[in-house]
Amino acid sequence: MHRSLAGSAVLMLLLLFALGNFVGVQPGLVTRDADNGQLMDNRRNLRLERKTMSLFKSLDKRADCSTYCFGMGICQSGCYCGPGHACMPNGR
C-alpha cells in the first residue's frame, strides 16, 4: 500500500470513530450463570437508551411551536400541547 493510501485509510478510520455512533461492550455486562453455566447478558435494552448524535441540530429541535392545539394535543414534532392550548417546545 502506498503511503498516501495508508494515510487516507488511517484518517478515514479516525473520522469514523470520532463521528460514529458506537455501542461498546463494557466489562461485567456479560456474565456466566452460576447454576447452569449459561452466558447471560446483563445489559439493559440498548435500543431504548440509544441517543442519536449529530453535528448539527435536527429539524425537530428547531421546530416553530407558535401554533395552537386547542386541547386536541396536535402539535408539530418537537412540541407538546401546553397550558392555554398553545404548542410549547419539548425540554430537550
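Each Cβ is built from the backbone N, Cα and C atoms, and glycine gets one as well.
As written in Swiss-Prot, here are the features:
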- 1-20: signal peptide (SIGNAL)
- Cys65-Cys79: disulfide bond (DISULFID)
- Cys69-Cys81: disulfide bond (DISULFID)
- Cys75-Cys87: disulfide bond (DISULFID)
- Asn90: asparagine amide (MOD_RES)
Considering only the disulfide-bonded residues Cys65, Cys69, Cys75, Cys79, Cys81, which residue has the minimal Cα-Cα separation from Asn90 (asparagine amide)?
Cys79
Could you measure between Cys87 (disulfide bond) and Cys69 (disulfide bond) for me? Cα positions, answer in whole angstrom.
6
Cβ neighbour count (10 Å, all chains) around Cys69 (disulfide bond) is 19
